[in-house]
Each structure stands twice: as C-alpha cells, then as structure tokens.
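For reference, Swiss-Prot has these:
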BINDING   Trp401, Gly458, Ser459, Thr460, Gly461, Ala462, Gly463, Lys464, Thr465, Gln493  ATP 1 binding site
DOMAIN    423-646  domain 'ABC transporter 1'
REGION    654-831  region 'Disordered R region'
MOD_RES   Ser660  phosphoserine
MOD_RES   Ser670  phosphoserine
MOD_RES   Ser686  phosphoserine
MOD_RES   Ser700  phosphoserine
MOD_RES   Ser712  phosphoserine
MOD_RES   Thr717  phosphothreonine
MOD_RES   Ser737  phosphoserine
MOD_RES   Ser768  phosphoserine
MOD_RES   Ser790  phosphoserine
MOD_RES   Ser795  phosphoserine
DOMAIN    1211-1444  domain 'ABC transporter 2'
BINDING   Tyr1220, Gly1245, Arg1246, Thr1247, Gly1248, Ser1249, Gly1250, Lys1251, Ser1252  ATP 2 binding site
MOD_RES   Ser1445  phosphoserine
REGION    1449-1481  region 'Disordered'
MOD_RES   Ser1457  phosphoserine
Amino acid sequence: MQRSPLEKASVLSKLFFSWTRPILRKGYRQRLELSDIYQIPSADSADNLSEKLEREWDRELASKKNPKLINALRRCFFWRFMFYGILLYLGEVTKAVQPLLLGRIIASYDPDNKVERSIAIYLGIGLCLLFIVRMLLLHPAIFGLHHIGMQMRIAMFSLIYKKILKLSSRVLDKISIGQLVSLLSNNLNKFDEGLALAHFVWIAPLQVMLLMGLLWELLQASAFCGLGFLIVLALFQSGLGRMMMKYRDQRAGKINERLVITSEMIENIQSVKAYCWEEAMEKMIENLRQTELKLTRKAAYVRYFNSSAFFFSGFFVVFLSVLPYALIKGIILRKIFTTISFCIVLRMAVTRQFPWAVQTWYDSLGAINKIQDFLQKQEYKTLEYNLTTTEVVMENVTAFWEEGFGELFEKAKQNSDNRKISNGDNSLFFSNLALLGTPVLKDISFKIERGQLLAVAGSTGAGKTSLLMMIMGELEPSEGKIKHSGRISFCSQFSWIMPGTIKENIIFGVSYDEYRYRSVIKACQLEEDIAKFAEKDNIVLGEGGITLSGGQRARISLARAVYKDADLYLLDSPFGYLDVLTEKEIFESCVCKLMANKTRILVTSKMEHLKKADKILILHEGSSYFYGTFSELQNLRPDFSSKLMGYDSFDQFSAERRNSILTETLRRFSLEGDAAVSWNETKKQSFKQTGEIGEKRKNSILNSINSLRKFSVVQKTPLQMSGIEEDPDEPSERRLSLVPDSEQGEAILPRSNVINTGPTFQGRRRQSVLNLMTHSVNQGQNIHRINAASTRKMSIAPPANLTEMDIYSRRLSQESSLEISEEINEEDLKECFFDDAENIPAVTTWNTYLRYITVHKSLIFVLIWCLVIFLAEVAVSLVLLWLLGNAPAYNKGNSTISANSSYAVIITSTSAYYVFYIYVGVADTLLALGFFRGLPLVHTLITVSKILHHKMLHSVLQAPMSTLNALKAGGILNRFSKDIAILDDLLPLTIFDFIQLLLIVIGAVAVVSVLQPYIFLATVPVIVTFIILRAYFLHTSQQLKQLESEGRSPIFTHLVTSLKGLWTLRAFGRQPYFETLFHKALNLHTANWFLYLSTLRWFQMRIEMVFVIFFIVVTFISILTTGEGEGQVGIILTLAMNIMGTLQWAVNSSIDVDSLMRSVSRVFKFIDMPTEEGKSTRSIKPSKDCHLSKVMVFENPHVKKDDIWPSGGQMTVKDLTARYLDGGNAILENISFSISPGQRVGLLGRTGSGKSTLLSAFLRLLNTEGEIQIDGVSWDSITLQQWRKAFGVIPQKVFIFSGTFRKNLDPYEQWSDQEIWKVADEVGLRSVIEQFPGKLDFVLVDGGYVLSHGHKQLMCLARSVLSKAKILLLDEPSAHLDPITYQIIRRTLKQAFADCTVILCEHRIEAMLECQRFLVIEENNVRQYDSIQKLLSEKSLFRQAISPSDRMKLFPRRNSSKHKSRPPITALKEETEEEVQDTRL
C-alpha cells in the first residue's frame, strides 16, 4: 500500500478533497490493484479505535450495575459528532434563506419600484454566495459524519470479535452463526450511512418551524394547508411502507425457499447431474420463483407509488398553499415563486429527512442494544492450573453442558382449537425423557503420570470429547476436581485448517525450531505430500484446507498439536480420515515414539491402540464403564466390545429397538411454539426455529444412537442468506447482501455504499456456533462456502485457484527464525478476496444495456410510452408560459386590487381566473397519467428479471462440470441471490427514477431556454461537463466499490475460521495473534471504504461547483438582460434552482444504474456459459425404460439388439483419461479394463489416488478421453442423460434437498406410492418414513437434518433401486455410518442388486471382501486388476492392508466360492466374542 496524500495535504486540499486526484487519475487510466490503495490514517486503525472503545466500555462495566454501550460511544465520539451536526444545520439553514433572496430579486422587477431594481445585482451576488457557503459547509459535514460512522463500526467490530473469542462454550451453543454475522454486518452497517441522517431528527423540525414562519409572512394561515398536505403525505407514505414490509415479510420466506433449493442444487450439482435431475430441479425452482414474483410485483408497485407520491406531491403542495390565499386576496407572481422554493425545502424536510432520521435512530439504538446484550454474555473461564505438577488427575467429576442439562426439547402438540404447535407435550414422539439434570459426564475419575498414554474409548456420544473439553476448561465441572499443569496442546476430531501455508498451520505462531519441525513432519507422514507441491510447505491452503484430502488435513492438524511443546497432549480421534497403513505408521512413529516422554490422552476405538496404552478409560453414556490396563479390561469386562463399538449383533436388534434409535434421531426436531402450522400441511411441516439468543434453546440436535451427549453432532447449517438469521423482532426491511460462505455454510455480507434495501433471507433452523466447531468437514452438507472452490466431485477436489486466499497467506518470513510476521505484504493483499477478479469492465458497456432492453420485446414500447407522457407534460408547461405571458393583459382592466400590483396578478375574479382553472384541469389529468406512467416500466423490468433468472438457471444446470469446478459455490449462489434481488428490487425503480429525473431536467432546460435562449448556451457546457465528470469518476468508483466488497470477505472468513478453531485457539493461547489478524483484515477493508467515501465526496463537490458556476451565469444573465418581466425572471431562477438538485440527483442515479447493471453483466456472463458436450438439444425427461433406436450397438454376448438398455450391465473401459479442466493435468491416464455382468469390483488405492475420480469419469462429469461401452453401447452414441441413467449412484456426499420424502425419492413423479413403499421396504426406510407426520409428504429441510447420515444413505440406495439401474456406483457408502445402517445397506445390496454390476470404493476391509475382483489405482494408473486370491498371493496394496489373522480367517470363505460365475454375497457376519476390529483401507 502507498502512503496516503492526505497526510501532507493542505487545508484547502482537504476541504475540496483534492488529495484524491491521483487515485482518480490512475483509476481512469488503468485497472486499480490493492497496491494502489492508500494506507489508512492511524486514527482509523482498528487497534486504536478498539482500544479506545474497549477502555470506555470497561469503565462503564466497572462503574455501573446497568452498563450502557451508548455511554461508552458517547464519550468516544460525541463532540465530533455534534460539531459536524452544527455544520450540517448551518448548511441546511442556507436553503431556507435562499427563497427570501429569490423573492426580493423578483420584486425588484416591479416597474414602479426602480430603487429595488438597482440592488438586484447585489441580491443575485448574495444568492450565489449562499450556494457557495452551503457547498463548503455541507460536504465536509456529510463526509465527517460518514467517517465517524465508519470509526464506530470498526471499534464495535473489534469489540465483538474479542468478545467472541472469550465466550463460553455454553453461550456459543445458544448463538447461531446467522446472529453473529447479522451482528457484525446488518447491525453495524447502520452506522456507516445512517449517521449522516441522524442529525435531521432535530434539524428537520427546526427547519420546518423556520420555513413555516417565513411562509406565514407570505400566505398567512393558508400556508398550513400545504404543511397539512405534507403531513398527510408522510403518513400515507408510512402506510405504504408498512404495506411494503408486509409483502416483503411474505416474500422473504418464498425467496428463502427458492435459495435453499438453489444452494442445495449448486452445492450438489454433481449429484444432480449424476441422477439426471436437471429438469426436475429447474421446474422445482421455477415454481417457487413464480410464487415469489407475485409478491415481488406487489412490493414493487407499492414502492413505485411511494416514490411517485414524492415526485408529484410538489405541484399539490404549492397549489394547496396558494389557492386559499388567492381565492381570498389574490396573489402576485413573486409570492408564487417564493412559495414554490419554500415548499421544495419543506417537502424534503417533512417527507424524507425527518422520517429517515427517526428510522435511523430507531435502527441504531436497536443495534446498540443488541451489541450491548452480546457484550455482557458469559465468558470462558480458564481452570486454575498447577504449573509444578507432572500428573493429570480427575477426581469424581460430573459436568453438564448447562445447568439442568437435558434440553427442554420442544415436543409436538396439536391444539384442536387453533391447530397450532405448542411446547410442553411429550407424548407425540417421546416417552420417558426424564432429561432434566442429565449430566454429560458422571463421576469420572482417573490419574495418569507424566509420559503415560491414556486411551479413551466408548460408543458414539459417550462423552469422550466432553472429557477433553473439561480438561481444557471449555466445560466447567459441577462436581469434583481436575488437576494438571495447564500447558496443553490439542488436536480436534474434525481437522481445522486456517487459510495460510502448511508451515503456518503447523507452527501456528510458536517460535520456529527447524529440527523439531522436520521431526514432526516426518512422524506425521507429511514429507511425501509436501514434496508433491511446487512450493513445498509454503503452498497456500484455502479456507478449511479445501485443496487437501481429508487425510492430509487430519495429519496437518495432528502435526500442529505435536509441534507445540506442551505437558499434556489431547488427541481427539486424530486418525479418523486415514487409511489403515498410514494410521499404523503415524501411531507408531508419532504417538508412541516422538511423544513417548509426554502425557497423552488419545480418543480412539481401535483395538491396537488400546493394547499399547498405559491406561484405558471406557465411557458409556457419560459414565466410566472401565478404567485400568488392557489386561484388566479383558479379565474384568469381557463384554467391552459392544460398549466400545456402540452396537451389539445386528441380528439381535428387533424392529422396535431400531425404531427407538430412530426416536433418538427425532429428538433433532425442535418446534417453533407459535408457528401456525398443521401436521397435514405438507409445505409447513419443516420444523422451524427462531434465531433468538433467548430464554429457550431450540436447536438441540443430538446424536441418533444411545446417547444424549453433546459432541456427536452431525448438524447441517441452514441457508443464511445475507448471512443473516435475524432475531424475531428484527425488521425484515434489510439490506440485501451475501456473506462469504464458509465450508460450513455461513454467509458473508456485502454492503452497498449508499442505502441498501432488500429482503432478509432467514434460515429455517439455526446453526449454533458450538455445532459449527464440532462439525465434520465431510459430514457437513454445505449450503454455500466462503472462500473455497466447491468440491463437486465425489471426493477429490480439483486444484484450487491459489490467488484467492485470505490475508494469512505467505506470512512467514524467510529467515531462519521463523516467527509469524504480523505485517501484510502486497502478495497477501492480492489473496484476500472472495469473488474472482471479474472480467467485467469498470463501466457497464452499451452492449449490456442494449441486450438488457431487448430481453423483453415490449420494454422498448414502454419506454416510448413514458416519453410520450413526458412530452405532454412539457406541452402543459408551455401552456403555463403562455398564461404567464398573457396574464398582465387580462389583469390591466379588470383587476380589483391596487394599481401598484395589478400588473402581476394572475388569479383574480376576471376571465384569467377561469383560464387558470382550465390549465389546472389539464395539468391534473396529465399529472394523473404521469403518476401511473412508470408502472408498465416497473412491471416489464420485473418480467425481464424473471426471464434472466430462468435463462441463468438453465445455463448453470446444463454447464459442464469443468466450467462449474472453476467457479465457487458461493459465487454462483450470489448470482441467484444478490444479483437477482438487485434485478427484482433495486434496478426497476432506479431505472425509473433516473428516466424520470432525466426527463424533468430536460423539460426544465427546455422551458428556461424558451424564455431566455442565452441560458441554453450556458446549459450545454454544463451538461457536457457533467457527462465528462461522471465518466471520469465512474471508472475509479466502480473499481473501489469492487475492492471494498472483496475486502469485506477476509473479515467474515476470519470470523468463521476463528469460530471453527476456537478450542484450538484457546488451547494454544493464540487469541491475541488472531485479534491482530482480524484488525489487519479490518484495516484492509477500511482503506478501500475510506478511499471510496473520499472520492465520492470529491465527485459530489465537483458537481455542485459546476452548478454554482452555472447558477451564477443564469442569475446574472437574467438580471442584466433588460426588459424582462418578473414572471420570466421568477420562472428562470426557480427552474434553475430546481435544475441544480434534480441534475445532481440524476447524475447520482445514473451512477447507481451503472453500478446495478454490473449485476446484469454478471448474469449475462452465466447465461453465456458453455453447455455440456454431447448434450441433447431436446428436452429428455427420464422414463422408466430406455429403448435404443438408431444407436450403434457393438457386438456383445450380454445384450440383444431389441432389449431395453442396459440389460446386462457389462462394461468395457478403453484408454480412459480424465481431467478436471480443459487442458489441465490428467488425473487418470489410459485406464482400461472390463467388467462382466453382475460382477462386483472393488477400487483400491491410498487417499487421493483417484478412486472417486474414476467413478466421476464413468458418469462423464469430468473432461474425458477414450471410450466406455455398456452392453455394447458407446457413450458417444447416446445423450448424456441416457448414459447417466444406466448408473445408480450412492455418492460419498449425500444429497437430500428441501422437499418431501416423495420428491427426494422420485422428483419426476414417475412412480406410484405403492412402488415407492415397496422400495422403502427393501432398503429399510419404511420404519423411518412412517415415524414422521405425513409420511411420504413430510417436508425435509436443511439437507434432511432430522435424518441420520445412515438414513440419508438409505435414501440414496432407494433412488438407485427406483432407477432400475444395472450398474451401481458406491463411493464410500459406509463412511460415518452407524453399524446398524451399515448392515442394512449390505443386506439391501445382496437382495435388491443381486443381478447388478457393482463398483465399490470403500475403506472397510469387511465390505471390500464382498467383491470378486479389485482394481488397484496408483499414480493415476491401474496397477493391478485381479481377484482377491491373486492379490493376496502377490505383493499388493491389498495384502499390506489386511492382517495375517484376517487373511487366514477370510480367505477360505472367499475361496469356496471361486468356482461360481457370480457368487452370492457372504452372509452377514455375526458378532462373536472375538475382538472387534474396525479395519479400513
């Protein structure tokens, strides 16, 4: 960043904002980079501002029982705030004085008052000076208030972030991500722009009193008629506002429904394509869009009338003020023109400034109170440590996640009177839930000496992670004592990777030790992985480590924990994502050798780990089931296997037992007490929750097996559009903005630079922060991501674009002592953005405008209609000129008033009186037409938005995966949310305002030019100057806005990253470091925002300077030109003053239109995406059967020409090569093999070898070369949908969209209920579905969060059965499954797919033994393809993975079936008394 010219700028340069000229010049000539942005002043740095506010807040906390945040803010910012308020008031006073001088100038043209005529020139000078004074007061005041608002936002941003790092885990579990994002965006954004309006709460009333005093002098009591009309108008607009809010509230829910489905579609686009659901998803989304647009039109019409009422009220205000006075006394032109000028100022004060100011105060005080409540939440308390102790002791410890744990689950109760769901009845789903007082850990005791290894085991949800949390101090014990030294290192169960390099993630701010670092890298098996990267360990990782496999992330997290020199190491299931070979090696080299002298607590379920542990603690339902050595365990607890693995023999489970497990799953429900829904209303059966940080928690989601524990949570994040999940009392009139999203689906909120409007999209169910922290990367069904490319393949991510990472990137110095630097260099700055650097011009091209106008044919005719109505209004204005020109002739002979003023009377009892009313009648008719003229325009522009949304949705669904892989899920979602909302809401009315303002200016210039042609000569250069200024400013401002929007991403990325790794941060004591990084991100955003505010003020001031010069010229031309009557002078000066404000408004509106049209450009960019190669141009709706006609079928013994295809499932792969991107590196090369019909083939290979990629290539989801034939039919000879229909797919990432069970199983509605129930029976889903009200019509939301992962896998299995596919692709179907569901899947595969070809990618040896042949993939190629017997007899990866005991036990069983052409699946393995070993490959 460059040093700011502001530091050395003179007073005049600061006053006129001339110091911004270098950046404006540079932005006009070339594209701006972050290196071009100026450094922020030290007074604006987050460090200084946060320290200042934190000091005052601490003072407030210490001195009062009821501390008020507003008092702390007042002590920090009050005097500057008031100073700029006084400047603003003085500037506004000049507006009230200007009409007085205008009236005196008009009066000076009285033919009988020659003295007054001689001072007209001085009055003109005075009037021009008032404009100059106003300009010099108003712009510094507005900028100063914007600046203070920015500083307040920064200070509170920092204060909130620091508080977040201190919050207790109990509090975090009650706060949703949406609430935090809302707190840091919607609420704080109110200060940026709102502060400039806040002073009008007292300025506007004073101004009204001053203006009414002046109008009383002119019109006496009749002046209050105009004021009364304005008050009625303000109340009318308030009513329209409430009506608009009602429509927006209704519409927000519809928008949310559409965006939920859209985001699920985007995030799971690969599954959509694999299932051939493109048409079904398109139809589903379009139906929701239709409902949404009905409400959108209603809201737009109300907003249109609200806006039009202001524009057309000016005539009636003047008319109602003047008419009573004229009827009684008659009126002269001077009073009319003076009244017009007064009423313009009065109208703005009453209908705009005062209501806006009141709303600003209401919103700001509400935001301050929310922040104040948040800042007083309970904080995390560290335990008291004994630094001298060398042992870890826990004595009789009991703990609750909150007092009286056992969440008060909301049970369903159907009220027979009002059909509402209410809380309190525990009879519908649950029985015997005596949950109050249920502890998460009960009476736990153990003691381990220094250097010992304690293995903690237990079933899912037994309390293992809670035990580690209690040692770390995250969970406070209610009874008992804990003793240890306090020097802790921690490795989370779910890998946490911060954006940055591998080295940064491992060192994590600890001083660098080369030998220790290399030892840790080696022990954690990271050497080979690091060697593959060109930058080695300095490669920049994306948010959440998206560029890495799950195993690599797990090893880096482990390496971070091991690198820190601590007394106690807490390792929470660190081997969950590792293949069995890597796991064995790391356990031996790292845990057993490298850490041999350290105290270790390892959470594990592996038998070999228990054998090598010094002590074993087995937990069961929160209690200590066993504590001792392994030999004692075998002797004392021979039944420990079932407690360890979490299940007994599957065959011992009755249907009732399995249903009771489902009942545990149903505890995931929470019902909103006031939701007026009926169980029978299918669209309203989604269980909603409020986002309240309130008295009752409504988001408790517990695991589905045997437990009420806290940390077995697999919960899905709801869509929080605009990143917002507001409190129930939050106004729904919100800025429309999207938050970057994280890997877990949180949002990032872009903020408009002026005043944003738009709906809030509320999530249906809130995601607590605690659940985010305990959320598995692989288990999470993400809705949209913040800073990472979407992984749209089954498991392996394509190489990410490393130019889009966060500010953490490359922060290690290259010196030998590698402390993490706290400086941000320009390389870092380039990598901090969310959105791709858009290839969109700084200024919207004319081609975009032309294409937008021609989207809908009638739009051109609507524009012509508006122009015709405008020309009619101009004609009426010319009639007025004629009346004014002839008024003296009428009045000379018939006036009843004094001769001194008879020359100027236009309303008398003579014929002129009637002529005037004829004019009024014509004017009213045209005003009525003008009032409605924009309605067709708004209606048509919304229709254009509808068409563009449809085209973009179709384009995205038909785009190839190589194109979609190059984009981010969050970026695509922004097009459907933020950009479509702009097309729906902002663009139509902004275009209407601009056209209307432009026509008003043209009309006023035309009238003035007719009266005084010389003025037209002065008008031309002014308009040309405005156009040049606009073009000059627009190039820079749009780039600065883009940089500011992008610079906001690191703030929210850092917030979500910190939340996900909060336990790790605390364990490592890195809160200060992360606070520093957060301040750096804030400063980066501030630099862009401050520069944008400064350049905007430069532009506004230059526009006003040009106008002041124009007004001076007009004034002196009018005054110095002889022979002018007071009527013409009054019209010229009044219109000139009106032109000033209107032309400025029009120029600003044109800039807004250009800015909003960038959304149209982005939408067109998506519409123009390529479609999948070979995609049929006609619509292909999947049918039950696929008959091949006119398709070349290769000779194949397994298929007949007339058969339904595919009939056998024989598959031949020839020279298959696959790439993620066009021209990219080959991920698979020259793969060739053949599969017989009905054969089962297992895919083997280490993590990242390409197994899942091969399955994607079969479905043509990648760029592929070579050929695949199924039953003799080549993939080149049929459409993509026909090809993909041949496959049934159970992906690693399960896709459950928001909709009914029926829709999820059969989105095309091809099958009857009987057929669906039959399949549900086959896969074991019937008992699950029947538990829900509505059964097949029950609405699943949030990725089916009420279902366990196993139930979701069964849904995928049911889809495959319904598809009648002959080839089944399974990508790690047993990952994260409970044992029961796993056995159901195995049984279903045996029964429902007995005659199908199965290709299985799996880590569990037990599952792989069902296969007849194995395909071993290494280094992108097929290394081996043979039977299990052959692989076991040779040196192979399979032989390395399987133990000798398993080989001896399992080989004969497999060998006995080798003579059969297609052996049946081995009978389900009964649970024995032998050791249970979860062996995975």
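Using N, Cα and C of the backbone, Cβ positions are placed for all residues, glycine too.
What you see is a predicted model, and the numbers here were worked out from it, not measured in a lab.
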Residue pair Ser459 (ATP 1 binding site), Arg1246 (ATP 2 binding site) - Cα distance, angstrom, rounded: 27
Other CB atoms within 10 A, centred on Ser459 (ATP 1 binding site): 27
Densest Cβ neighbourhood among Gly463, Gly1250 (binding-site residues), 10 Å radius: Gly463
For Thr465 (ATP 1 binding site): DSSP state (helix, strand, coil): helix
C-beta crowding around Thr465 (ATP 1 binding site), within 10 angstroms: 26
Confidence summary for the domain 'ABC transporter 1' (423-646), mean pLDDT rounded: 81
Alpha-carbon distance [Thr465 (ATP 1 binding site); Gly1250 (ATP 2 binding site)] in Å: 33
Cβ neighbour count (within 10 Å, all chains shown) around Tyr1220 (ATP 2 binding site): 23
Cα distance (Å, whole number) from Thr465 (ATP 1 binding site) to Arg1246 (ATP 2 binding site): 28
Cα-to-Cα gap, Thr465 (ATP 1 binding site) vs Ser1252 (ATP 2 binding site), nearest whole Å: 31
C-alpha spacing of Gly463 (ATP 1 binding site) relative to Ser1252 (ATP 2 binding site), in angstrom: 33
Arg1246 (ATP 2 binding site), number of other Cβ atoms within 10 Å: 19
Alpha-carbon distance [Tyr1220 (ATP 2 binding site); Gly463 (ATP 1 binding site)] in Å: 42
For Ser1252 (ATP 2 binding site), the three-state class that DSSP assigns: helix
DSSP three-state assignment for Tyr1220 (ATP 2 binding site): coil
